[in-house]
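*Asks:* Below: one structure in structure tokens.
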Amino acid sequence: MADHSTNGFFYFLVAMVLVSMAAIFSNALSTTFYDKACPEALPTIKKVVADAVNREGRMGGSLLRLHFHDCFVNGCDGSVLLDSTSTIDGEKTALANNNSIRGFEVVDKIKSEVDRVCGAQVVSCADILAVAAHDSVVQLGGQTWNVELGRRDSTTASRTDADNALPAPFMDLPALKTNFENAGLDETDLVALSGGHAIGLSQCSKFKDRIYNDSNIDASFAATLKSTYPFSGGDTRLSPLDPTPTKFDTRYFRNLVKQRGLLHSDQALFNGVSTDALVRKYSTNAGAFAADFGKSMVKMGRNKPLEGNSGQIRLNCRRIN
């Protein structure tokens, strides 16, 4: 005879797991969300991003990073854009963001232009970040993916949550895996999304300890960096994250195989660990990397968005209405 109480408890657990998963990921976002409300929205974002990246190639990496740092802190809700006020302890001054994240002026320009062509505040700042990240990657030679839209903007932010949630450049693989798992992402997502370091620059303070103290680093690579970045001082000097910082390619992964990852957390992905095989695969298979990167970007973009009547559509991305 079946134990109905046991079966009932099992189904209850399954239901709770499904509810928890639904709370983490959205399946209500749509690639056609603005097609009727404002068909000119996406072409307008694309043009502003293209102009910004053409003026300064570094901006592509900066806009991609804004979307990352938004989604990792309480979901993709535009909270990273909010300035601090008497009631909001903004995320811009979090350890991983302070004097580091940038591109806010480009987001402001996008918001202004989109609202103008739409004739109303239709497009959220959170969606602007998602589209700008995509357009930046494509502008710098990466492959496209289908960006899901329909997020709304948060009415608060948290520097403390950002300090706890954002990955640090000093992390080893176990800490990185936990960090990504907290954002609903797995090991494949970790490696694929780390490939975002194919574009952009890093401050010396983020990699100085690696070039002077790590043992899993190519000696000539370390020596070259030491000649430019002294042990003392120069913390804000910039270095490319890979040899082609304005081209979205697989050089980042090829560097890891050669023990030439700039950040400790980069090289942690190829260090006799479970992610070695995937790093090696991406280093020789650009198509596999592009496909997985796109899938992981969509997955990350589904992390706890505000939808329906939750949140708001900000008039200004830097402050709540």
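For all residues, glycine too, the Cβ spot is worked out from N, Cα and C.
Pulled these from TrEMBL:
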type	residues	note
TRANSMEM	9-29	transmembrane segment
DOMAIN	28-321	domain 'Plant heme peroxidase family profile'
DISULFID	C38-C118	disulfide bond
SITE	R65	site 'Transition state stabilizer'
ACT_SITE	H69	active site, proton acceptor
BINDING	D70, V73, G75, D77, S79, E91	Ca(2+) 1 binding site
DISULFID	C71-C76	disulfide bond
DISULFID	C125-C317	disulfide bond
BINDING	P167	substrate binding site
BINDING	H197	heme b binding site
BINDING	D242, T244, D249	Ca(2+) 2 binding site
*Asks:* Quick one: which of these recorded positions, H69, S79, C125, H197, have their CA within 10 A of D242 (Ca(2+) 2 binding site)?
*Replies:* H197
*Asks:* Roughly how many angstrom lie between the C-alpha atoms of R65 (site 'Transition state stabilizer') and the residue listed as 'heme b binding site'?
*Replies:* 9
*Asks:* List the same-chain residues at least 6 positions away in sequence whose Cβ sits under 8 Å from the Cβ of V73 (Ca(2+) 1 binding site), in sequence order, or say none.
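*Replies:* Sequence-distant Cβ neighbours: S79, V80, E91, A94, A157, S158, D161, A162, A165, L166.
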*Asks:* Take the mean position of the Cβ atoms of D70, V73, G75, D77, S79, E91, the recorded Ca(2+) 1 site. Which other residues of that chain put their Cβ within 8 Å of it?
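*Replies:* Here the non-site neighbours turn out to be H69, C71, F72, N74, C76, G78, V80, A126, S154, A157, A162.
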*Asks:* At 10 angstroms around each C-beta, which of the binding-site residues S79, T244 has the fewest other C-beta atoms nearby?
*Replies:* T244
*Asks:* Taking Cα-Cα distance, which of the recorded positions C38, C76, P167, H197, C317 are within 10 Å of D70 (Ca(2+) 1 binding site)?
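*Replies:* Close recorded positions: C76.
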*Asks:* In whole Å, how far does the CA atom of C71 (disulfide bond) lie from that of T244 (Ca(2+) 2 binding site)?
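*Replies:* Cα to Cα, C71 (disulfide bond) and T244 (Ca(2+) 2 binding site) are separated by 26 Å.
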*Asks:* Using a 10 Å cut-off on CB atoms, tell me which of the binding-site residues G75, P167 is the least crowded.
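*Replies:* It is P167 that, of the binding-site residues G75, P167, has the fewest other Cβ atoms within 10 Å.
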*Asks:* Specify all same-chain residues, apart from the site residues D242, T244, D249, whose Cβ lies within 8 angstroms of the center of the Cβ atoms of the Ca(2+) 2 site, ordered by sequence.
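*Replies:* Close Cβ neighbours, site residues excluded: A198, I199, P243, P245, K247, F248, T250, R251, Y252.
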*Asks:* Average pLDDT across the domain 'Plant heme peroxidase family profile' (28-321)?
*Replies:* 97
*Asks:* Just give me the nearest neighbour of G75 (Ca(2+) 1 binding site) among the recorded positions C118, C125, H197, Cα to Cα.
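*Replies:* It is C125, whose Cα lies nearest.
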*Asks:* Round to a whole number and give the Cα-to-Cα distance in Å for the pair T244 (Ca(2+) 2 binding site) and D77 (Ca(2+) 1 binding site).
*Replies:* 31
